[in-house]
Amino acid sequence: MHQTLGAVRLAYRSRIANLVKSGMIDNAVQVFDEMRHSSYRVFSFDYNRFIGVLVRESRFELAEAIYWDMKPMGFSLIPFTYSRFISGLCKVKKFDLIDALLSDMETLGFIPDIWAFNVYLDLLCRENKVGFAVQTFFCMVQRGREPDVVSYTILINGLFRAGKVTDAVEIWNAMIRSGVSPDNKACAALVVGLCHARKVDLAYEMVAEEIKSARVKLSTVVYNALISGFCKAGRIEKAEALKSYMSKIGCEPDLVTYNVLLNYYYDNNMLKRAEGVMAEMVRSGIQLDAYSYNQLLKRHCRVSHPDKCYNFMVKEMEPRGFCDVVSYSTLIETFCRASNTRKAYRLFEEMRQKGMVMNVVTYTSLIKAFLREGNSSVAKKLLDQMTELGLSPDRIFYTTILDHLCKSGNVDKAYGVFNDMIEHEITPDAISYNSLISGLCRSGRVTEAIKLFEDMKGKECCPDELTFKFIIGGLIRGKKLSAAYKVWDQMMDKGFTLDRDVSDTLIKASCSMSADA
C-alpha cells in the first residue's frame, strides 16, 4: 500500500513537471489542485516546488492563494523559495504580501538571500520609501544578512535621489568601515550624487584613493561627473587635469567629456580652447552630436550677427538632423537680445509649422522681450498658449518676469508674481529673492525688503553677496546706517566683502551723520 501511495504521488509530480515544461501552466495548476484534494498526502516539498514555478511564471495571485492554503497545514517555504517569492513580488510592487512573507521568515529564523534583499531595497528606493529602506537595511544586518557592494550602492543612489546627501555619505563610510570594497558602480553613485549636490571637492576627496591606486577601474561616468562638477565650480584647470589623466590610464574621454568642456569654454568665451577641443574630437574620430552643434551655435551667437547664426543652423545643422528645440530657443534668445523681436517671433512660428514642441525656455525669452517692449498683450497671449500646452512655468520663468517687473518699477505686480510662484509650489532661490529685494530697495521700500530678507533666511535659502549689497544699499538710501552696519557685520561673518564704493559710501554717510549731530 505504501509503495502504491508513493507511486501515485510520483505520477502526480511527473505530470505536473511535464505540463510545466510544455508551458501548460493552467493545466499544471489543475493537476496540482487535484493532487491536493486527493487522499494522497502532499508534502512541503510539493508546495515549495509549485509555488516556485508560479513565481517564475509571474502567477503571483495563484502563488499567494496556495501559500495561504499551505500555512494552516504547518508547512513553510524554504529560504530559497521565500527569497524568490519576494523578488518576484517586487516586480508587481505587492508590499503587503512582501511584508507578510518577511514577517513569516523572521518567525522561522530565516533571512532573505542577498539577491532578494537587494531587489527589495531597490524597490523601496524607487518608490520613494528610502527611509524605510535604510531601516530595513540595518534590521537585516542585525539579523545576520551581510550586505554586499550592490546593497550599499542601491541605498547611496536612493538617498541622493531623495536629497539626503549627508546620509548617503554616511552609508558610503559605513561600507568602507565594514570592509566592503567599492566597485565602479558604487563610486559612480557617490560621485554623481555629490556633484549633483555641488559638492565636487568632497566627491573627489572620497574617491581620490581609488583614482590614484587604480584599485577600481573607474568608468567615464565617474570622470565625466567630476569634470562637469569642476566646470560648474569654475575650476577648469582641475577639469582639464582630470581629462588628461583619463587618457594616461587608458580611459579615453568620450563625447560627453568633450561636450562638458565645450559647454564651459563657450559659456566663458574661451574660443581658442573650444576650437582645440573640436580639433581633438575630430582626431579621435568622435562624431559631433546635436549637443555639440548646439554648443557651436551658442558660440556663433556670442560673436556673430544673429542672421549669420541663423544661416549656420540652416546650412550646417539642419542637413545633419541636428536642428532641434534647443537650437531654435538659442536663436530666439539671440534675436531677442538684439532687440529684433519680430524675427524672434517668426522663428517661433517656424517652430510651430515644423511641429516642434516648444519648451518653457522658448516662451520665457519671447515673453521677456515683449514685456521689455511694453507689448503686454502679446506677452499675455504667449502665456495663455503656454498654459494650453500644459507647460508649467518654472523657477527661471518666474524669476525672469520678476526681474523685468522690478526693473520696470512694477514692484507690486512683481510681489504678486512672487506669491504666485510660491502658491504653485516652486521654491524661490537666491536669484528670485534678489530680484524682488533689489526692486523694493530701489523703490524706497526697504522695510519690506528687510522682511523678505529675514523670510529668505527662515526658508533656508542662503542670502548671497548680492542680497547683502542690495539690503545695505537700500538702508544707506533710507539713512538707516545703524541697521546697515549690522547687515554689513552679518555679511563679513559669511565671508563676503562689500564693494569699495559701497563701503566708502557707508563710511562717508556715517561721518556726515556724526558731523550733523
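The backbone N, Cα and C atoms fix where each Cβ goes, and this holds for glycine too.
In Swiss-Prot this protein carries:
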- 1-57: transit peptide (TRANSIT)
- 43-77: repeat 'PPR 2' (REPEAT)
- 113-147: repeat 'PPR 4' (REPEAT)
- 148-182: repeat 'PPR 5' (REPEAT)
- 183-218: repeat 'PPR 6' (REPEAT)
- 219-253: repeat 'PPR 7' (REPEAT)
- 254-288: repeat 'PPR 8' (REPEAT)
- 289-320: repeat 'PPR 9' (REPEAT)
- 324-358: repeat 'PPR 10' (REPEAT)
- 359-393: repeat 'PPR 11' (REPEAT)
- 394-428: repeat 'PPR 12' (REPEAT)
- 429-463: repeat 'PPR 13' (REPEAT)
- 464-498: repeat 'PPR 14' (REPEAT)
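Counting only same-chain residues 6+ beyond the ends of the repeat 'PPR 9' (289-320), those with a CB under 8 A from a CB of the stretch are 255, 258-259, 262-263, 266-267, 269, 271, 274, 278, 281, 326-328, 330-331, 333-335, 338, 340, 343, 347. Taking Cβ pairs closer than 8 Å, the repeat 'PPR 11' (359-393) reaches residues 325, 328-329, 332-333, 336, 341, 344-345, 348, 351, 400-401, 404-405, 408, 421, 424, 426 in its own chain, all 6 or more past its ends. Across the repeat 'PPR 7' (219-253), the DSSP tally of helix, strand and coil residues reads 26 helix, 0 strand, 9 coil. Residues 360-361, 363-364, 367-368, 371-372, 435-436, 438-440, 442-443, 445, 459, 461 of the same chain sit 6 or more residues outside the repeat 'PPR 12' (394-428) yet have a Cβ under 8 Å from a Cβ within it.
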